[in-house]
Structure formats: C-alpha cells, structure tokens
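Asker: One structure is given below, represented as structure tokens, and several questions about it will come after.
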Ligand SMILES: *[C@@H]1O[C@H](CO)[C@@H](O)[C@H](O)[C@H]1NC(C)=O
Ligand SMILES: *[C@@H]1O[C@H](CO)[C@@H](O)[C@H](O)[C@H]1NC(C)=O
C-alpha cells in the first residue's frame, strides 16, 4: 500500500516535471474534438495530424514558449460544423478567431473557462441560441465580436462585469430585451447593437431590468 503510494507519487512528480515540454492532454483532446466536429471544405486543417501528440506545429495553431496553445486562427477558412464543450479545455488560449465561416449551433458555455482569452471573434457565422452568461468570467477579454449570427435571448447583464472589454459587437442578430448600461456598456456605440429587431435601447437609470419582448 505504502509502496504503491510512493510509486504513484514518484510517477506524478515525474509527469509534472516533464509536462511543460508538451501541450497538455486537454489541449490536444480539445483540438482533436474540434476537428472531428468540422467539415473542412478546402483542406485548411490538412496539417492537423491526429497521430502527432504536439499540436504546436499545426497551421492555424500558435503556442507559447511552453508549448501551450494560445491562438486558434481559423477566420475565413470555409469551415462548417459546430463547437463542443471540449474547446473549454484550451485553458491558455488568448485568441479564438473563428469569424467568417459557417459554424452553426450553440456557443458552448464552456468557453467561459478560457480565463486568459483576450479576443473572441465569432462574427459572420450561423451561431444560434443565447450568449452564454459564463462569459462574465472572462476577465481578460478585450474584444468580443458576435455580430452577424442568429443569436437570440437577451444580452446577459453579467457581461457588465467585464471591465477590460473595449469592443463589443452583437449587431445583426435576433437579440431581445434591453442593453445593459453598467461597466463597459457605458462606452459602446449604438452600432454595436443595431439590427436586432426586438432589442430595446439602454435600460433607464434606476429601473429594474425588464426584458421587454424576450
Ligand atoms: C468553400 O467550400 C465550398 C464547398 O465545398 C466550395 O464550393 C467553395 O469553392 C469553397 N470556397 C473557397 C473560397 O474556398
Ligand atoms: C440583420 O441581421 C440579420 C441576421 O444576421 C441579417 O440576415 C440581415 O441581413 C440584417 N439586415 C441588415 C439590414 O443588415
């Protein structure tokens, strides 16, 4: 029993001391799972060799000096398919660039696990469903562009906690309710919200939020 414990400890210590040279399993799994959900009409993902343990050599994937995945650049790549919860495993990701494709389905709430995310660009796709409230935990987020999709529901009030958010664009969707006024919402231009036929103007100061038409 004690020996077994000791051996496990030694193994765990060894695994931890070796791991910085390789991307974590959750990162590799996340990218494999992403690829499995996609249809890659023009072979953009050809270099994503499923037999390689290290994705840092793949095109459109960028790693830092510790081989941790920090960017996924698949904008304008003629890709269709859905996103799954596994994407939340890219725990060091800073840039998630999936704009101008044909992604569909819901935006996984697990993207709220990407604590280091600086930029999330999902614009010009066919995403539907609601903007996840879990995005409120993305404290490093500066750019959030979800425009030109089919998103419904209200803009989560929780997003007003994103004090670093500089750019928000949710125009050209089917959102409803009222636009929050707190935090970064004080500085977003009206264009960020246009063409959401059931979205009302900023909520009145002091008025408890009524989600008109939601
Ligand atoms: C995108 O994929 C479609 C479907 O396979 C193909 O017909 C089209 O030529 C591709 N477009 C570009 C810009 O590669
Ligand atoms: C409004 O948004 C919808 C949904 O994205 C889009 O289909 C439509 O073309 C947009 N209308 C205008 C005038 O931009």
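From the backbone N, Cα and C atoms, a Cβ is placed for every residue, glycine too.
As annotated by TrEMBL, domain 'Leucine-rich repeat-containing N-terminal plant-type' applies to 24-64. The domain 'Disease resistance R13L4/SHOC-2-like LRR' feature in TrEMBL is assigned to 72-171. Annotated signal peptide per TrEMBL: 1-23, in sequence order.
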Asker: Cβ under 8 Å to the domain 'Leucine-rich repeat-containing N-terminal plant-type' (24-64), counting only same-chain residues 6 or more beyond its ends: which ones?
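Answerer: Same-chain contacts beyond the flanks: 70-74, 77-84, 86-92, 95.
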Asker: For the domain 'Disease resistance R13L4/SHOC-2-like LRR' (72-171), what's the model's average pLDDT?
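Answerer: Within the domain 'Disease resistance R13L4/SHOC-2-like LRR' (72-171), the model's average pLDDT equals 97.
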Asker: Taking DSSP states H, G and I as helix and E and B as strand, how many residues of the domain 'Disease resistance R13L4/SHOC-2-like LRR' (72-171) are helix, strand and coil?
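Answerer: With helix first, then strand, then coil, the domain 'Disease resistance R13L4/SHOC-2-like LRR' (72-171) has 20 helix, 29 strand, 51 coil.
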Asker: With DSSP helix as H/G/I and strand as E/B, how many residues of the domain 'Leucine-rich repeat-containing N-terminal plant-type' (24-64) fall in helix, strand and coil?
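Answerer: For the domain 'Leucine-rich repeat-containing N-terminal plant-type' (24-64), the helix, strand and coil counts are 16 helix, 6 strand, 19 coil.
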